[in-house]
Amino acid sequence: MEGKNLTSISECFLLGFSEQLEEQKPLFGSFLFMYLVTVAGNLLIILVIITDTQLHTPMYFFLANLSLADACFVSTTVPKMLANIQIQSQAISYSGCLLQLYFFMLFVMLEAFLLAVMAYDCYVAICHPLHYILIMSPGLCIFLVSASWIMNALHSLLHTLLMNSLSFCANHEIPHFFCDINPLLSLSCTDPFTNELVIFITGGLTGLICVLCLIISYTNVFSTILKIPSAQGKRKAFSTCSSHLSVVSLFFGTSFCVDFSSPSTHSAQKDTVASVMYTVVTPMLNPFIYSLRNQEIKSSLRKLIWVRKIHSP
């Protein structure tokens with residue numbers, strides 16, 4: 001079968017959750033609701049952190065960046081899916097597909113890095129509270145966040161350029177609701193060995209760094225918490241990181257099942273469902289997890305609402 005270079009093909013087709021467009025119509029309302037809740041919730045977290053000077057700390061600086069990443073992450077995939085359902089089309093241009101792939105990989109890895117950075121912040125807060133301000137200086141916080149953005153932008157660009165170098169067969173149907181890397185590789189007519197090798201090396205390395213940071217940080221955190229004599233002290237210390245731990249478990253538990261398995265063993269339906277969990281559900285739940293379990297966020301939300309009530313006509 002003769003392959004065509006990616007740049008010579010005008011479009012491909014996102015099959016979504018079903019090849020029949022009529023079967024996807026009931027999903028429109030659900031995904032629109034989840035998208036609006038996700039964007040509104042994460043932007044509200046950012047607004048609260050910016051407006052309340054008491055939240056101008058390293059922990060909330062990282063949380064604001066995580067909320068920004070979540071809002072951008074869900075905006076990379078869901079709007080195109082909603083537009084396709086609304087206009088009864090499955091088409092996406094190849095340039096649009098590559099652009100979606102770039103931003104998807106950027107924000108999914110950025111979220112992983114930010115969660116690892118927040119785990120380190122939690123470790124310093126619990127294990128070295130007296131030196132917290134000295135260690136988590138503004139310069140270090142800005143460096144960690146900036147490095148996460150820059151490294152993942154370059155990492156995503158590498159994968160996008162490698163994808164652009166492949167040739168594709170006559171079948172341009174992607175069994176997914178967005179342009180993910182593994183479904184695209186499965187359509188290639190040329191040997192994607194280089195792409196898969198880069199995925200294995202860079203994905204494995206970055207994943208290992210993030211996971212090791214999480215494991216080492218939380219091992220020390222739990223060890224320190226267990227040494228606290230009072231039950232109240234243990235609860236207070238654990239509450240500092242419980243929200244973050246919940247988000248970490250949900251995000252990594254679903255994303256690892258999809259991104260670090262061989263393309264030959266992938267089930268399109270299972271991948272699609274799992275991808276919904278970490279591309280839509282997790283970004284939607286993050287603001288609720290952090291706001292419901294965090295007294296400072298709840299207090300700032302109440303103050304923000306109260307101030308707006310006072311100034312409203």
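In case you wondered, yes, glycine gets a Cβ from its N, Cα and C as well.
A quick note: this is a predicted structure, and the numbers were derived from the prediction, not measured.
Swiss-Prot has this to say about the protein:
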type	residues	note
DISULFID	CYS97-CYS189	disulfide bond
CARBOHYD	ASN5	N-linked glycosylation site
TOPO_DOM	1-25	topological domain 'Extracellular'
TOPO_DOM	50-57	topological domain 'Cytoplasmic'
TOPO_DOM	80-100	topological domain 'Extracellular'
TOPO_DOM	121-140	topological domain 'Cytoplasmic'
TOPO_DOM	159-196	topological domain 'Extracellular'
TOPO_DOM	220-236	topological domain 'Cytoplasmic'
TOPO_DOM	260-272	topological domain 'Extracellular'
TOPO_DOM	293-313	topological domain 'Cytoplasmic'
TRANSMEM	26-49	transmembrane segment
TRANSMEM	58-79	transmembrane segment
TRANSMEM	101-120	transmembrane segment
TRANSMEM	141-158	transmembrane segment
TRANSMEM	197-219	transmembrane segment
TRANSMEM	237-259	transmembrane segment
TRANSMEM	273-292	transmembrane segment
Helix, strand and coil totals (DSSP H, G, I; E, B; other) for the topological domain 'Cytoplasmic' (121-140): 17 helix, 0 strand, 3 coil
Selected stretch (most C-beta pairs under 8 A with the transmembrane segment (58-79)) from 101-120, 141-158, 197-219: 101-120
Cβ contacts the transmembrane segment (197-219)/the transmembrane segment (273-292), at least three under 8 Å, sequence gap 6 or more: no
Neighbour-count leader, CB within 10 A, disulfide-bonded residues: CYS97, CYS189: CYS97
Same-chain residues near the topological domain 'Cytoplasmic' (220-236), Cβ under 8 Å, at least 6 residues beyond its ends: 122-123, 126-127
Three-state secondary structure, which DSSP defines for CYS189 (disulfide bond): coil
Distant-in-sequence neighbours of the topological domain 'Cytoplasmic' (50-57), which means Cβ under 8 A and at least six residues beyond its ends: 64, 296-297, 300, 303-304
CYS97 (disulfide bond) - helix vs strand vs coil (DSSP): helix
